[in-house]
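Copied from TrEMBL, the annotated features are:
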type: COMPBIAS; residues: 31-43; note: compositional bias 'Polar residues'
type: REGION; residues: 31-62; note: region 'Disordered'
type: TRANSMEM; residues: 72-93; note: transmembrane segment
type: TRANSMEM; residues: 105-122; note: transmembrane segment
type: TRANSMEM; residues: 169-188; note: transmembrane segment
type: TRANSMEM; residues: 194-211; note: transmembrane segment
type: TRANSMEM; residues: 232-249; note: transmembrane segment
Amino acid sequence: MTNVLSFTPTTPLLRHLSVFSILRRRHNPTTLKSPPHTLSQSPLHCAPHPLPRPSRSASALPAPADGLMQDAGATAVVLAGAYGLVLCFDNLTQRNLLQQNLSRKLVHILSGIFFMLSWPIFSTSTDARYFASVVPLVNCLRLLLHGFSLVTNEGLVKSVTREGNPKELLRGPLYYVLILILCALVFWRESPVGLISLAMMCGGDGVADIMGRKFGSIKIPYNPKKSWAGSISMFLFGFLISMGMLYYYSFLGYFELNWIQTAEKVAFVALVATLVESLPITKVLDDNISVPLASMAAAYLIFSL
Ligand SMILES: C/C(=C\COP(=O)(O)O)CCC[C@H](C)CCC[C@H](C)CCCC(C)C
Ligand SMILES: Nc1ccn([C@@H]2O[C@H](COP(=O)(O)OP(=O)(O)O)[C@@H](O)[C@H]2O)c(=O)n1
């Protein structure tokens, strides 16, 4: 199998791989007629492996309806997961088993990571990304309703804000879900750019807060609100979670990676994200916007080389 990380925008958006068709392919070696493509590079789209059309029994639904059912079900499952995650941390915070700040950060870290992990359960349809984007969109509406106090939900506010002020929902958390929507729609499962950017925002920035608050006695010279411990954690966890996510998608057959090159490129993106996160610009630009956007730009450039 050619071991190259490569993507191409020229190949039309062929049928995307879903975890089921990949597992079917993996466990049915006879269908793997030829090694996957080696493609020219571009960071926007990878042409999925040539997939044989799955054989369908006479009683099976026609492909579009089948995909529609799968995407509708996946959307319901991920929506329930999102609601359950926040409810779980709400309970832990309400029972004072978890500090509010830590609860918010764990929701920050886990929401995006679980969201990315869920993408392969959606169908191979080119519309699957729109179904997946419904989840952060529903949460966006939820944050708006609660942020403007049109609806009250103590638990959500307590598990997702710093001081328990509903208006806080209209900043960090809202930008966070908007970035989830952007990455799902623009990059989806086809490109490492979205996965790496979300890993930096969720894993890197989230862990930086936890480690920085706990061990951040030595501050960064140009930003006394940030610390070396926080920034080093941002780099390390942003890198590790990005690589882990790329390995997950590689295992499922979405990417073929040259791991040495990929590690070097992801390290570069993690460095850029860490530098941006350390800047004293939070009052002007929330780091749930600056970190993922800087990561997208850096990842797009470095994966184009
Ligand atoms: C607390 C959050 C952001 C705050 O960021 P910061 O200001 O501390 O830098 C995250 C808010 C998460 C949101 C309420 C729920 C998002 C759920 C997500 C769209 C889907 C998760 C699905 C998965 C299966 C659990
Ligand atoms: N690089 C970093 C990031 C955060 N932190 C610590 O984490 C706290 C919250 O960081 P932040 O303002 O970036 O929080 P969010 O905007 O990510 O919620 C900071 O006030 C620091 O105590 C750090 O020490 N070093």
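All positions are counted from 1 along the displayed chain.
Backbone N, Cα and C atoms are what each Cβ position is placed from, and that goes for glycine too.
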(message) Which residues of the chain, 6 or more past the ends of the transmembrane segment (169-188), have a CB below 8 A from one of its CBs?
(response) 16, 44, 108, 111-112, 115, 119, 128-130, 132-133, 135-137, 139-140, 143-144, 146-148, 156-157, 160-161, 194-195, 197-198, 201, 286, 288-289, 292, 296
(message) With Cβ-Cβ distances below 8 Å as the criterion, list the same-chain residues six or more beyond the ends of the transmembrane segment (105-122) that contact it, or say none.
(response) 17-19, 22, 70-71, 74-75, 77-78, 81-82, 85-86, 89, 98, 128-129, 131-132, 135-136, 159-160, 172, 176, 180, 184, 188-189, 195, 198-199, 201-203, 205-207, 209-210, 241, 245, 248-249, 252, 254
